[in-house]
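**Student:** So TrEMBL lists these for the protein:
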- B:58-262: domain 'ABC transmembrane type-1' (DOMAIN)
- B:12-35: transmembrane segment (TRANSMEM)
- B:55-82: transmembrane segment (TRANSMEM)
- B:94-116: transmembrane segment (TRANSMEM)
- B:136-161: transmembrane segment (TRANSMEM)
- B:182-207: transmembrane segment (TRANSMEM)
- B:243-265: transmembrane segment (TRANSMEM)
Amino acid sequence: MFTPRARAAGVAAALTVVTAACGAAPGTQQSTASSSSGPNAATATSAADFGGLDKLVEAAKKEGNLHVIALPPDWANYGEIIEKFQAKYGIKIESETPDAASADEINAVKTRKGQDRAPDVLDLGQSFAISGAGEGLFAPYKVQSFEKIPEGQKESTGLWVNDYGGYVSIGCDAKKIATCPTSFADLLKPEYKGKVAMNGNPTKAGSAFAGVYAAALANGGSFDDIQPGIDFFKKLKDAGNYNPVETTPATIEKGETQISIDWDYNNAAYAPQMAAKGLDWKVNIPSDGKYFQMYAQAINKDAPHPAAARLWQEYLYSAEGQNLFLKGFARPVLLPSMTSDGTVDKALAEKLPSVEGTPTFPTSQQVDAAKAKLAGGWDAAISG
Amino acid sequence: MNRSGSKGWLGALPLLAFFALVFGVPAIALVAGAFTADGRPSLANLSQSLQGGYLVAMLGSVKLSAVVALLGAVLGTFLAYAVVTSRLTFLREAVLTASGVLANFGGVPLAFFWIATLGNSGVVSGLVGLPSGSLYTFWGLVVTYLYFSIPLMVLVMAPALDGLRPQWREAAANNGATAWHYWRFVALPVLTPSMLGGVVLLFGSAFSAYATANAMVGTVVPLVTLKIASALTGDVLIGYENIALALSLDMVVVAGLVMAIYLPLQKRSSRWLH
């Protein structure tokens, strides 16, 4: 709740110990699923392997449960997605540690291998999806809409597939700030003294890292060069504008983080929440630094509920699931194809903060290099 | 009283087994991980953990903890003395109870408590005209940590101060000692072990604190616990786990050094109690 998707290491560690102790019982679900006369759910690479979506639903219902991790209910509308999935298929979702980070998810897959409480599906930062696939942790699976997903947003065999994302944006309380900043250059203005915050620490939180990357693009950097972004935040700090407090709904409500750099779907989701509390939370995509990033889905290779895991993927990439992401102000990966075939919920799409131009993406090598640079350079720039 | 018989240690066996399991196994895993890079034995993690930003963070943590420990010890001792010598038993009870509660007040609630009071849009900072950002600095963090360190020191010192018998002071006075003499040669030597223990305790709690600093200053004040968290968990860094273990090992060494200074001193000063 306080640190979305990047919580204290201690909690995750304690959790691992506890669940390791509780999960000692062998995965009975898994053995029944693979020994049944039907297709082997654990190795199925598409709904066709089950004999169609109906058969997949049947197999998933037989398993009855789905174990998910790191899905905060207020993040990209996951709360409603989980509810709708449960209601539609009668499969109970056990949602564990909603605020866990990508690193915790990978840890959970590794440390609970073969246990009934291992996560079935994962929602990962893209570089974690790529490294996890490299380590052989995921099962290849192509959802029915796989072909419609743009190239570069999926692994060719379906080990991971991007599903939703957003732009780095600047949220701002228009009741307290006379003119909301619309660019990174604006943030340096003296009127924003002590007001510019982020959703966490860039060496830890994905959204804050993206904020630095976007600032780099705004200041003459590129996907290969994040240094201007680090320099920008140093300048912001020296100007007295940088506010190190980690943004949460509570700090926004209190007026402590009146300007916050975060994913546009987080900032946009705060708006109605804050309106109820008398704040006017405005969201702008910075005009000088547009950075778009998606999160990826993957299936645990040793998922205790392999059929339910695959059905969950089918649901997320269905028009219904994708529109639910859209309802949470996240941009679903199928948005372009759904716009052309008319399955998109237009009212929801119009509520998204507007952006001009099409997004471009860094390669995973570029992202890794930027992260290494940030790990070494961020503290030196910002501390003292 | 001499019970150094051959079977005496048997009674401690369950405790030792417990320690071996709960502290020993993780310690071995920590050391093993710290000396492993890319699956091979290596010193790379350790050397990296003592360079650049990591070294800065380690020094920052030591500096913060030392300042908090010394300030907390001095202020806590004076407060405890004031309370213990006060004739109002009600005040004494109230302060000790409050100390028990406040000594355990930490984490994100503590950070937000200070942010809401003295932060950029805090309730009090506006009244006193605090310049923006002044809470989110090294000294802001020191003040925040003192909030639980001073009560902790009071808890440590109150029983020790109670142990100072009035007769000692009278005896010293009868022998012509001034107040300074009394404190220098009687009271302080008796109190030193507790004070040293308090300093070590305060150092340890500030050194290992994480959540408060994370929520309040982010990376503006470099701290080793924040670096460990970034390396171990998060959405950004991949493959830094063993550096986190190396940093933890560095922390163990620092804590060991503090104890190495503390133990001989404590031994020396505790002679006075026998």
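Just so you know, glycine gets a Cβ as well, placed from its N, Cα and C.
Could you place these features in context, so I can see how deep they sit and what lies close by?
**Tutor:** Under 8 Å from some Cβ of the transmembrane segment (B:94-116) lie the Cβ atoms of residues 79, 83, 122-123, 135, 140, 143-144, 147-148, 151-152, 154-155, 158, 209, 211-216, all in the same chain and six or more residues away from its ends.
Away from its own ends, the transmembrane segment (B:136-161) comes close to residues 60, 63-64, 67-69, 71-73, 75-77, 79-81, 83-85, 95-96, 98-106, 110-111, 114, 118-119, 190-191, 193-195, 197-198, 201-202, 205-206, 209, 212-213, 216-218, 220-221 of its chain (Cβ-Cβ under 8 Å, at least six residues beyond either end).
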**Student:** Can you work out whether the transmembrane segment (B:12-35) touches the transmembrane segment (B:243-265), with the criterion being 3+ CB pairs under 8 Å where the paired residues are 6 or more apart along the chain?
**Tutor:** yes
**Student:** Using a Cβ-Cβ cut-off of under 8 Å, list the residues of the same chain that are 6+ residues beyond the ends of the transmembrane segment (B:182-207) and lie near it.
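**Tutor:** Hits for the transmembrane segment (B:182-207): 61-62, 64-66, 68-70, 72-73, 76-77, 145, 148-149, 152-153, 156-157, 159-161, 163-164, 168-169, 172-173, 251, 254-255, 258-259, 262, 265-266, 269-270, 272-273.
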**Student:** If we skip the immediate neighbours and take only residues 6+ beyond the ends of the transmembrane segment (B:243-265), which ones have a Cβ under 8 Å from one of its Cβ atoms?
**Tutor:** 27, 30-31, 33-34, 45-46, 48-50, 54, 58, 61-62, 192, 196-197, 199-200, 203-204, 207-208, 224, 227-228, 231-232
